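*Asks:* Got a structure for you, written out below as structure tokens; questions coming shortly.
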Amino acid sequence: MRYNTLAFAGLAALAAATDVHDLTTESFEPFVNDHGLVLAEFFAPWCGHCKALAPEYEEAATTLKDKDIALAKIDCTAEQDLCQSYGVEGYPTLKIFRGAENVQPYSGPRKAQAIVSYMTKQSLPSVSLLHTSDALEEFKTADKVVLVGFFGKDDKTSNATFEEVADQLRDSFLFGATSDPKLAETEGVSQPAIVLYKTFDEGKNTFEKGFTKDTVVEFAKTASTPLIGEVGPETYSSYMAAGIPLAYIFAELPAERESLAKTLKPVAEKHKGKLNFATIDAKAFGQHAGNLNLEVGTWPAFAIQDSAKNQKFPFASQGSASDLSEKKIGKFVDDVVSGAVEPSIKSEPIPEKQEGPVTVVVAKSYQDLVIDNEKDVLLEFYAPWCGHCKALAPKYDELASMFKSHSDKVTIAKVDATLNDVPDEIQGFPTIKLFKAGSKDSPVDYTGPRTVEDLAAFVRDNGSNKIDVTGAATESAEAGVETDQMPMQAPAATEKASETASGMAGKATEGVKAKIVEAAKVVKDSMLVDDDVEDHDEL
């Protein structure tokens, strides 16, 4: 069989074609200085997240090429000095360049459409001036959500307020403005007014009274949120940024999510502005139900999460669409909003007695043992699967034994953060905090070496009661007790990492895995956003 070598050469050239520019240390600065706006990806060839981003990044580069916005990438395994000079610590890292010296982080989602939307906003002034009806019509459909201000030329106050809001929210929305009264009349508004145009729900919302920065920001965030949207990689951050509780509707099939959204639409309309509603794909993101104290795997399900207060309100009935009726969910939501429903708290049972030298804290005893007392409380937040936590355990036991004679002044305690809801944000295991007497609302993080002597000195130096047992720690070290410095804390596992841990250890329960997800830095990182996850010994 004979092959057409020219045809193969053409296919190879086509496969190699890319609109993403490969940059080196030598070419980087001239490139970013020659292009007005550049999005640069700092990556490593072995990075799984970088590989997942590649097709999205390529698609975005092709679209943005026509807008004169360049996308580039830098291989940090080959250009280490360049990457270090821009503070790259993980992969992929995305940064926006307006010349080599004007740099800002890219904080949008890592999907093609989102990259295009985000970078388009970066390329425009904070407020685009719209002088003609054609310009207005084109601008109205430039993104999923745009805001247009209709102000008179002499209305300096409204114009200034609108521009201030635009500067604050330019990463989220496109802003345009016109002073033409005829355009305002055509759009059915009277100056001054702001119209938010959107590609969903009723299509647009109008704001005409009380022009202050805060009221306009609130209007933009509320009106831009779908009445019942879908939680996903591109929407989760906006729901969290809204600053109000989020009601989740869990279902596996798209048709069922659509049906439930239609059923609960009146409930969402009643509470719009106070509570956001969104469906969530239980097949893809069902583990998040465990974070909300729902039973994972029993669908459909409903829960409300108030992230600002770290509160969860799971709806008790799961598994039947009839349980998620307008009447039943409507009453539940009314009761949550009015404060008639107590938030759900996941907790192990309170130990009948404390058997070891370290005091065991659970969610139900947290307030009593950690907060409501006049003791200095050193509290370790740990995970059973964490190798660093296991290595610390004998040293922590020794530390607790040394403070035993001062138990009226100091408590050395620990809490399993995978099985107990705790009010503190935990970013890694082990996390150690000192809740000192008289200042329990301002715990001090421990970041030093994990030796008995250093931990004892930390309690002495930072505690209110100034209890000193460091001499005993030194004697223990001289007696041969292991007090070498431990590695720095291991980042809390994401859902993917917890699955890896389960596969290798083979003993993690579903409840533990679900809570591991909750202990992640941000639930969105663990559930919906493909942020970096490093490999660690304990996994």
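Each Cβ is built from the backbone N, Cα and C atoms, and glycine gets one as well.
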*Asks:* So which range, 100-130, 255-285, 348-378, 472-502, gets flagged region 'Disordered' in TrEMBL?
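*Replies:* Based on what TrEMBL states, region 'Disordered' spans 472-502.
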*Asks:* When you tally the Cβ atoms that lie within 10 Å of each candidate's Cβ, which of the disulfide-bonded residues (CYS47, CYS389) has the highest tally?
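*Replies:* Result for the most crowded candidate: CYS389.
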*Asks:* Tally every other Cβ atom lying within 10 Å of the Cβ atom of CYS386 (disulfide bond).
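*Replies:* For CYS386 (disulfide bond), the 10 Å Cβ neighbour count is 25.
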*Asks:* I'm trying to understand the geometry here, so how far is the Cα atom of CYS50 (disulfide bond) from the Cα atom of CYS386 (disulfide bond), in Å to the nearest whole number?
*Replies:* 26
*Asks:* Tally the residues of the domain 'Thioredoxin' (7-124) by DSSP class, grouping H, G and I as helix, E and B as strand, and everything else as coil.
*Replies:* 56 helix, 23 strand, 39 coil
*Asks:* Provide the number of Cβ atoms within 10 Å of the Cβ of CYS50 (disulfide bond), excluding the reference atom itself.
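*Replies:* Summing over all protein chains shown, CYS50 (disulfide bond) has 21 other Cβ atoms within 10 Å.
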*Asks:* Measuring Cα to Cα, how far is CYS386 (disulfide bond) from CYS47 (disulfide bond) in Å?
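*Replies:* Just about 23 Å between their Cα atoms.
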